[in-house]
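Listed in TrEMBL:
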TRANSMEM  96-116  transmembrane segment
TRANSMEM  123-140  transmembrane segment
TRANSMEM  146-168  transmembrane segment
TRANSMEM  175-195  transmembrane segment
TRANSMEM  207-229  transmembrane segment
REGION    465-500  region 'Disordered'
COMPBIAS  482-491  compositional bias 'Basic and acidic residues'
Amino acid sequence: MTNSKEAAGNVKWTIRVGSGSPEVLIPDPKPARRVGLKGLIVSFVSRVYCFLEKAWDLGVEEPRKVMHCLKVGIALSVVSLFYYTRPLYEGVGGNAMWAVMTVVVVFEYTVGATLYKSLNRTCATFLAGALAIGIHWVASKSGEKIEPIILGTSIFLLASATTFSRFLPVVKARFDYGATIFILTFSLVSVSGYRVEKLLALAHQRLSTITVGTCLCILIGMLIFPIWAGEELHLLITRNLDKLAKSLDCCVAEYFSNSEDTISSNEESNKNLQAYKCVLNSKAAEDSMAGFARWEPAHGHFNFQHPWKQYLKIGGRIRNCAYCIETLNSCLDSENQAPEVIKHHLRQNCLRVCSKSTNVMRELATIVTKMKKSPKIGVLVEEMNDEVQELQNNLKSLDFLIQPPLSEAKVPENKKSEASLTVTTMPLVGVIPLVSFASLLTETVARIDGLVDAVEELEDLAKFKPAADDKPKPNQPNNKKILPDDQRENEQTMAALQRV
């Protein structure tokens, strides 16, 4: 290895390789500059600022979550008085911590979830405490040698049986949390009773502190800006219906759009196009809200024993429609696309079917929101089915596109105008994508019919009030302008495309 100095005074190192020719060694780049204390502080402050900015945006978008946090703070502040106030502390002793733990564990976002945990915890604590005291009394009368055997056997049998009951669907749906608290309380009281003399006083103090904590959570949750699980489920169903209508509208308009249409593919239209994904992922939220809503008392427009299970049925029908829309959406990115000349034959018809279908879904959302029957839903469903029937008839007329051109003498009278537009024979592979899309659209309408039936069942079960008939009376003048068919179709097409 040798070194040589350049004119500038820099040192250049070379090395002899196996062939004897010299090779210049290139020095490694300079190591990255170390971040000093000032850089660390700036990075930390920027991250904290970003976190606070996101938290502020979340609080502005969801003010009820901020209110829930304040309610939890109020409950913990009130229950802490059992430690800070001597008379209250002497009344419950050192078990005041159970009240604080109860508030932390029991207080949930919705009133239904808080009631579910509070009632389960209180009843399970009372039942487990009473059973543990009874078994302890029997064991204490059996002698010192048999007492630990009876206590250990009771813990084994009851813990095993209660754990097995959690696998039953009925227990798991309503009393799963209570079963867990039962095992915990029974084990603690049984084990503590073997060494503690005043077992009854201990059980009484723990039960009283847990009762105080649960009652405090229920009162604060129901009196200060209550958030009802039933109302959340009600709003979730209506939002899903509206999202489904937007997604279907955008999907069909996007499929039939071409270069001549001025459609702005902005962020809002893409968001509406993908709105069906929120519907597909809402099953878990619907199940939990329906389970918690059963524990809530009558509130607002929801009476006692409101048919919450019917909302789950409606949610299932909505997801069935969302699956079809997901398949329709996949047709937009398919590599096999129908030519524009073929799409033109079903363009207007598919757009009308889409428009009528979205009108039906939006009317269903209005029915569920206002909890009133609609006199227009029957007419809208009939118009939707009429458009589907017309679409099916037009699908049958596509056979002339994949057949050789007929001579003018053999062409029927009702198809002469259509045959004159056909210059070349279309291959079958060009017609299949359009037929598939139209068939999926027809299946979507069929599933919307099932959704209408589910909402009508909810109307009967929940006893929705009849709405006023908005139809014009026979003697009332109708100022609605009647447009020609061609102009009406063009306006409907442009309205559907502008909604994208």
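Every residue, even glycine, has its Cβ placed from backbone N, Cα and C.
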Exercise for the section: Tally Cβ pairs under 8 Å between the transmembrane segment (96-116) and each listed stretch (146-168, 175-195, 207-229), then give the stretch with the top tally. Expected result: 207-229
Completion exercise
Contact set of the transmembrane segment (123-140) with the rest of its chain, CB cutoff 8 A exclusive, min separation 6+ beyond the ends, reads 146-148, 150-151, 154, 158, 178-186, 189-190, 193-194, 199-200, 203, 206-207, 210
Handout entry: Same-chain residue ranges lying at least 6 outside the transmembrane segment (146-168) that approach it to Cβ under 8 Å
Key = 131, 135-136, 138-140, 176, 179-180, 182-183, 186-187, 190-191, 193-194
